[in-house]
Amino acid sequence: MSHSPARQHLVESSRMDVVDSLLMNGSNITPPCELGLENETLFCLDQPQPSKEWQSALQILLYSIIFLLSVLGNTLVITVLIRNKRMRTVTNIFLLSLAVSDLMLCLFCMPFNLIPNLLKDFIFGSAVCKTTTYFMGTSVSVSTFNLVAISLERYGAICRPLQSRVWQTKSHALKVIAATWCLSFTIMTPYPIYSNLVPFTKNNNQTANMCRFLLPSDAMQQSWQTFLLLILFLLPGIVMVVAYGLISLELYQGIKFDASQKKSAKEKKPSTGSSTRYEDSDGCYLQKSRPPRKLELQQLSSGSGGSRLNRIRSSSSAANLIAKKRVIRMLIVIVVLFFLCWMPIFSANAWRAYDTVSAEKHLSGTPISFILLLSYTSSCVNPIIYCFMNKRFRLGFMATFPCCPNPGPPGVRGEVGEEEDGRTIRALLSRYSYSHMSTSAPPP
């Protein structure tokens, strides 16, 4: 692919803006309570096993920790993004939707799976059974679709920075989010229709209930689980692997391009230069790029001004390289966590749909409880990966809550020494007339 030098600089600048945002938000993975209370309730109630106190205690402890972290983390994300107007970017709008679905998933999944599992009885009634299964499925679906949307948005911002600007707007993001919620509520309508309480007799001859999602036939049950496996795991997983794989490849090529540019700069003293200012170096997610300006600064190449400019260029190049490498590592983590959290529960559901007896025999009780717990973990990991690892978000958090020390408004502070260097550059430029420099942006 051959581009003019001016176009290459513009594309590279846009790409690095997105890399910054990626590192700042650090997505993928999402939550999950598997679609169905029936999973845990069936495995744990249909064939009760002798309870072990230490297993119950460990289960309660782990569920409580994950629940508290999920509620606290997602609530903080929602609060910061709503109250801080400066953080309402396109990607943050998707992250807000992700936090809402994660919070809803946590509230509707964990208590209504853990309590019946411990009591060996679904005590909440038929209406709650239908409602919780419906919101469980919807929250899982919305979370997954949000992750896919974030991966595609990042792909467009990094790999197609010029073309994607047409549709990377807040209004477009809101339309996509509204569509994902409407689609999810529509897809999951079978849950309130076919979820019911099923009575059974426990070992002590007492009658109890379990909340189960039962379709009229085994063929329909198998088709439904296959459908969910495709749209909520396999296809989203493939899309994210491809999108993040292409992003990583693009960034790797950018690293090689930077290395070649650095080598050329050593061999030939440059007469012109441009640099991409980094507002955050932990960036996981890129800001809207500003078209780079081509400045003829021969007059500034002498004395302390030239020395300072050369140091800034070198620092910016190093920051770009570090940011790209961090994004690649972050994307690998996102994909690995997505499959780690989702694969066990979807595999268990598919197994149960096609071989109920064998699945219940091997997964009943503790195994399915901890498989579900693993899927829940993603709802508390998402805020950490996508938000709290983002320097701008942390600054926004401290600005939102007065009780926290506030080092400055988000998006103002950058690398160590960068703010001072930026002021120095502006001061140096102000000493010279615009007749000594070209400020026209390169053609797209």
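Cβ coordinates come from backbone N, Cα and C, glycine included.
Annotated disulfide bond per Swiss-Prot: Cys33-Cys44 (among others), in sequence order.
Classification of Cys211 (disulfide bond) by DSSP places it within a strand. Its Cβ taken as reference, Cys211 (disulfide bond) is surrounded by 27 other Cβ atoms within 10 Å in the chains shown. Swiss-Prot lists Cys129-Cys211 (among others) with the feature disulfide bond, giving sequence analysis as the kind of evidence.
Taken from Swiss-Prot, the feature N-linked glycosylation site applies to Asn25 (among others).
As annotated by Swiss-Prot, N-linked glycosylation site applies to Asn39 (among others).
The N-linked glycosylation site annotation in Swiss-Prot covers Asn205 (among others). Summarising the environment of Asn205 (N-linked glycosylation site), the number of other Cβ atoms within 10 Å of its Cβ, over all protein chains shown, is 6. According to DSSP, Asn205 (N-linked glycosylation site) is assigned to coil rather than to any helix or strand.
Counting only residues at least six positions away in the same chain, no Cβ atom sits under 8 Å from the Cβ of Cys403 (S-palmitoyl cysteine). Among the features that Swiss-Prot reports, S-palmitoyl cysteine is placed at Cys403, with the record citing similarity to another entry.
The region 'Disordered' annotation in Swiss-Prot covers 263-288.
Sequence annotations record features per position, and here Swiss-Prot assigns topological domain 'Extracellular' to 1-56 (among others) based on sequence analysis.
Marked as topological domain 'Cytoplasmic' by Swiss-Prot: 83-92 (among others).
Residues belonging to the topological domain 'Extracellular' (120-130) score a mean pLDDT of 91 in the model. Positions annotated as topological domain 'Extracellular' by Swiss-Prot, on the basis of sequence analysis: 120-130 (among others).
The topological domain 'Cytoplasmic' feature in Swiss-Prot is assigned to 153-172 (among others). In terms of DSSP secondary structure, the topological domain 'Cytoplasmic' (153-172) contains 14 helix, 0 strand, 6 coil.
The annotation topological domain 'Extracellular' is assigned in Swiss-Prot to 194-225 (among others).
According to Swiss-Prot, the topological domain 'Cytoplasmic' annotation covers 250-329 (among others), on the basis of sequence analysis.
Residues or ranges marked as topological domain 'Extracellular' in Swiss-Prot: 351-365 (among others).
The annotation topological domain 'Cytoplasmic' is assigned in Swiss-Prot to 390-444 (among others).
Under the heading transmembrane segment, Swiss-Prot lists 57-82 (among others).
Looking at which of 57-82, 93-119, 173-193, 226-249, 330-350 has the most CB pairs under 8 Å to the transmembrane segment (366-389), the answer is the stretch 57-82.
Contact counts against the transmembrane segment (226-249), taken as Cβ pairs under 8 Å, peak for 330-350 among the stretches 57-82, 93-119, 173-193, 330-350.
Using a 10 Å radius centred on the Cβ of Cys129 (disulfide bond) and all shown protein chains, the other Cβ atoms total 27.
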